[in-house]
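Chemist: Below are the structure tokens for one structure; questions will follow.
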Ligand code: NAP
């Protein structure tokens, strides 16, 4: 059976057929021609379509075209697949590549590829190439999109499609059987799935802190002193919201890892699944971190423009009184700025090392050193930067307008908790236990097999 297949492929492998002369069919045909394949298009109107197709390709009716190749790409919308039913006999034994996508998820009861297989049961249907766009195919091998996902029942049919994909300059990923087709069809319909939760958190935090600070800073001044300082919304308020959101989101990057460690310690094993919410949270840490970096970047920009603000220049000329130099204040100010700069520098490093092209150049140890060790150091520096900003104002009652703490105090809660928990985890006795658990040790197993038992905390 396998032998017959190889024979057929070897005689016709350089010729492929594309049903449909639309955008996708033409782009694919062009790329196939560029890769050295002979291309035959199958069209409803071969004569009128011939002027549209790439130079060097042939256009025939569907039945005639299908005879000229073993591999047929179906670049036609699913709604029109019934034109294949009368061709079922001619298509027996052929490899049909289903390129189709839908307009929305669950548009049809079954996947398009499964539907195609049911219409042409004698053919070997392979789902593939649907995650590429006609535009990226036309762009040629220089296009950044280099992955082709495929699935299907027949290993040989998938190999034939993989061979074409590789020749076109793609790397092909076999996703398994045809039952995966629906997932592949949903793939182009995804809208930033991993960014949704981080974006919601960022928007929620920004809105909450904006209104909190609006009441505390602007409305408070208006109500108690009849002062209109609403102009501060644009820069001062924004420059308070950005670092607050940034620090909280950076803590949210490191909190799930810490929680997961405590869960493993509590359970005494790493072989039990984390709850779904923790899994989902851990999966979006990169996006949380990148958004946190974005807010930190805005904070830097807002801070840099402070000296050119009209309000600041006006205040500077108004206050021409001489004050005595205070070394403590100078130390505090310089330390505050320096920690902020160092924290931001490491923040940027974390952002850069989360790029796939950079990750690929790092060993696992290098990656985890930067993302975990330097990541926690970044959190520590940014937290210390915020504590120095507060300095002794934590103790002054005038800080608590309408009995509410300032935003920077609120935002210190989470990073302080994360850093304290992390400190607990790196104490030698806890660290030893967690390291053993991660190496496969299980608490209950000691009693079951006393030979394995070693004291964890001597
Ligand atoms: P299109 O431009 O509308 O072309 C579809 C082609 O299908 C037509 O040119 C026509 O070719 C053929 N066709 C139309 N009605 C037919 C019928 N009743 N019976 C038989 N054939 C018919 O669409 P497209 O953008 O190329 O997309 C084609 C397929 O590729 C779709 O399933 C789409 O989901 C998928 N896809 C497209 C892209 C993209 O970027 N465009 C990306 C990924 C996947 P003839 O006139 O020559 O018969």
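Each position is counted from 1, following the chain as shown.
Glycine residues also receive a Cβ, built from the backbone N, Cα and C atoms like all the rest.
Feature table excerpt (TrEMBL):
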DOMAIN    15-101  domain 'Pyrroline-5-carboxylate reductase catalytic N-terminal'
DOMAIN    244-381  domain 'Ferric oxidoreductase'
TRANSMEM  201-223  transmembrane segment
TRANSMEM  243-266  transmembrane segment
TRANSMEM  287-312  transmembrane segment
TRANSMEM  336-362  transmembrane segment
TRANSMEM  407-430  transmembrane segment
Chemist: Take the C-beta pairs under 8 A between the transmembrane segment (243-266) and each of 201-223, 287-312, 407-430. Which stretch has the highest count?
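Modeler: The stretch with the most close Cβ contacts to the transmembrane segment (243-266) is 407-430.
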Chemist: By a Cβ-Cβ criterion of under 8 Å, what residues six or more beyond either terminus of the transmembrane segment (287-312) are in contact with it?
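Modeler: Same-chain contacts beyond the ends: 194-195, 197-199, 201-202, 231-232, 235, 238-239, 242-243, 245-247, 249-250, 252-253, 343-344, 347-348, 350-351, 354, 375, 382.
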Chemist: Run through the domain 'Pyrroline-5-carboxylate reductase catalytic N-terminal' (15-101) and tell me, per DSSP, how many residues are helix, strand and coil.
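Modeler: The composition, in the requested order, is 32 helix, 21 strand, 34 coil.
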